[in-house]
């Protein structure tokens, strides 16, 4: 019996290839977006973790320092003085290829003579006989390096070839004496961006004489003695962290970003679910008669239910498989965008290609199948619910739907209220904030049928008499088939409102950031002094440079900033060390009213100012103290102001240079602001400054800086924009599928209309008019919903994710765009069925059923 | 006696580096170093020209000569000793610092890590009662004060292992080393003066000029201190032996290894002899040694002066190599007939470079009277 059932099911499905295809596309797109985001995000972070593991090997802990690194004598004290055996000194930094300056590598200097128990990648990956000698050559021959064979191939380099790199200290030729060979895909990834060399070469190339970037520590078990020894010698500028906790905190840092991206992925899946629901409902409805007959001849409800679920399962599997393939392809391009964003606002990651893990694929498969099954439950339930006799009557469905509409309306209001309450009361949780948005949007979706009915009836009342029968037909069809049209409008509304909401949010943020950047740029010209900040040589040169700048006749005054990290609460905290002048002080936008003596206190007392994200994350208020670790123990700094900053979401502190120099070593400057005298030719001054600079130092005008800042901003939102369009695409497919299904279902009805004299043109108008109207309704309803979404995003989610407050900035263009998007998508979706219907002869159409 | 080492040295040197790299870096090294171009570049023979050579006897000057001679390719500071706790429990120890110049010159650099002087150290303790042999080793370049020597006093160190004068005179000298579950902390005082080996400290290895080392020993150092094994600390006393040697030239290809004996007799005399074994099974004519009498006077021994008979062998369960494990030594010229017996058989070092170096006891007859003693034996090149 079940074979016959299956056959009937299969036959039926094959007779509706378009519906099938669209359902599969819906599932596939939803799954693809979810998987691609997951893969891109995980690959970026895994690349970071794995790169760490590759050169740390089995190290369990790490001594790390802020800018300037660790004094290499610390290593000697620990190794020779304290006899701690399992230590590995590391000197690392970034270098670019001289020929491709956008191609950067992490240069890692290691000591080949460390304990073998570390098993880092440069030891493990070697197998050939000559490998052993290579490490000895690294030590003996300056500027020799190991790189991955994959990288060498891509750069057309062979063993014994030299290539030129650029570092903070200038250009340097490096000679490849051997290859690092990867034994799996992940290590291949990791190795592709590494250059391994001896620690001496690394110090020479990077100019980090006397310094180590970190000391890797391997503690077999819990070794309190080793721990005590290390902590005793640990300088104030260094931290002893476990490798796991470090990678944990990296993940923690990007958590909000990651959640936001994943929410966008889920949005696509949600829209995809509507699509599946719709298609399955259509497929069930089309077979009401068949199901009624089957039930009459004794097929049980259970069997019918199983049949429908079985079909959905099949579709889910096909859709999910396609989705995975698509997701991997999509993930590759997302990866680039995601890692660029992580680079811009968090930390350096070098992800070159996707790392595909079974776990993530599994998650995609699970989500795809689960979403399909959940979406198909209502139609499956519906198919079995009615007794055989009523199943045969369509009007039964519509009348019950109308009861449902008012039920949905009530549920919708409850959900919106609940969602808002959840979002507003969700404390610091980003996930709950986003869940609130989902619930709100879903609540609005439930209101859609009621809204649609209301609007359609109003249209009918207001304009009906002017439209004539042909004009009234599309309007009334929408309301008479609300069970289908309502869903289509809801799906479209969700996608469009998400688009409007996000666009409003991004626009508000863009406006806020623009104002902030412009306010912050007080100087006429900026000299940037890039590179690792180190004690000694380079810092002294930077002081000399500053003095020379000050001596230029056209220069009225200078300001300076040093961006470094200090330790607060056993964590590295970004700190900007400022030398300010009356002009540059105006660049701070304070979040609270500040007293007149603020700047005196900033300069003269042990105080700091904190950025808004910092205050938010650490729940710090003005008047509280922050304990900063120094070589003289922990020192309290009073928070005297909170100011706006959108440069990152972890926040930072700022302190006066006077305060800084009391406890920490001089590391030179990160940038110097130059204020010209009145009527100075800035172009000419820029040239004068340029002549004083060396190496990587550069001079930029405030306009250049503004442009660069906004570029970073736009880049940060490329991912969001892309994902937004993807969910709009899913919604479009959904609308297309729904409307097509709707129209095809009405073939007979349209046939009758044609038979009683409706022209082809009128028929086309009828179909397109109906879909276009639905699009308009969706677009209109999406505007207030988009507003609510934007509101919650701006004042709840983003503030929580990134600690940024921003002013709501309304851009009417966004609304027009949203409306246009909905309308155009709906009209496009109507064209194909309209043309097809118009082509069918009335007799054919009547016969089709 | 240590001349054997000399010869060995160069062979060993290559072997050392290869094997040490292999062991340290866990990758397989199937071909010998000489066949490997890259290694040859580091230790190639023509590079010998860049190093200084031991051509003629030199005037030793202390404490400067206790320090490193970086112009020579290889150098070592070698301590071995037989110790007892107050209850007579016997221990042996070896603490050796090796220096290898990976290259004769180091290019100038602002980085202290730019350094081609590589140090290696071996540390062993023999616990006779428990029949256990503990070993450990270390490596480091000299940069950043991770290893090195002083020329102001007797001081050599590699990480936290060291041999260092307590004050400005050479002795007392303190030895400190700590392995994973064993450690020593010993004070050494010279009971007998320094002995210049070979020809006024120039120990020739072959007829070819420059194939020689500079070499001196302290044959009897009164030792006192402690040995830690696990959580147990033992106060110990006894006698140690120290060898210092530096050279550049390498061994001939015909040599397979050597057996070295450093024996301290109860009558306050010492015997050192090294037998160089050739690959063809013959004893190399460069084998030699010396007898140091109670009054510190030295009698040089040639190959033909000493007859060694292997009485037993032992197969290592670790490397499956077969080592001699009991000898009869006869030196007719000194009226000496003794048996040399390892305190325990398993004193094989399975470190980067595999060899057997262990504490031995001596029993026999000298001038018709029974005599006893102790010492250390080193066996290399056994398979």
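Cβ atoms are placed via backbone N, Cα and C, with glycine included.
Curation does not apply to TrEMBL; its annotations are automatic.
Among the ranges A:204-223, A:224-243, A:344-363, A:364-383, the one that TrEMBL lists as transmembrane segment is A:364-383. As annotated in TrEMBL, transmembrane segment covers the listed stretch A:723-742 rather than the other ranges in A:723-742, A:743-762.
Range with TrEMBL annotation transmembrane segment, chosen from A:171-191, A:465-485, A:486-506, is A:486-506. Residues of the same chain lying 6 or more positions beyond the ends of the transmembrane segment (A:364-383) and with a Cβ under 8 Å from any Cβ of it are 27, 30-31, 34-35, 38, 269, 272-274, 276-277, 280-281, 283-285, 287-288, 291, 304-305, 308-309, 312-313, 315-317, 319-320, 323-324, 327, 391.
Counting C-beta pairs under 8 angstroms (sequence separation of 6 or more), the transmembrane segment (A:263-284) reaches the transmembrane segment (A:486-506) with 3 or more such pairs. Among A:20-41, A:304-330, A:814-835, A:814-835 has the largest number of CB pairs under 8 A with the transmembrane segment (A:763-794). Most Cβ pairs within less than 8 Å of the transmembrane segment (A:304-330), among stretches A:20-41, A:486-506, A:723-742, belong to A:20-41.
Taking residue pairs at least 6 apart in sequence, the transmembrane segment (A:814-835) and the transmembrane segment (A:486-506) share three or more C-beta contacts under 8 angstroms. Taking Cβ pairs closer than 8 Å, the transmembrane segment (A:430-456) reaches residues 255-256, 259-260, 263, 266-267, 270, 274, 405-406, 408-409, 411-424, 475-476, 478-479, 482, 485-487, 489-491, 493-494, 497-498, 501, 773-774, 777-778, 780-781, 785, 788-789, 792-793, 796-797, 800-801 in its own chain, all 6 or more past its ends. Only residues 6 or more beyond the boundaries of the transmembrane segment (A:723-742), in the same chain, are considered here, and those with a CB under 8 A from a CB of the stretch are 18-19, 22-23, 25-26, 29-30, 33, 37, 261, 264-265, 267-268, 271-272, 274-275, 278-279, 282, 330, 481, 484-485, 487-488, 491-492, 494-496, 498-499, 502-503, 771, 774-775, 821, 825-826, 828-830, 832-833. Secondary structure of the domain 'ABC3 transporter permease C-terminal' (A:726-842) per DSSP (helix as H, G, I; strand as E, B; remaining residues coil): 101 helix, 0 strand, 16 coil.
Under DSSP, residues within the domain 'ABC3 transporter permease C-terminal' (A:264-388) fall into helix, strand and coil as 106 helix, 0 strand, 19 coil.
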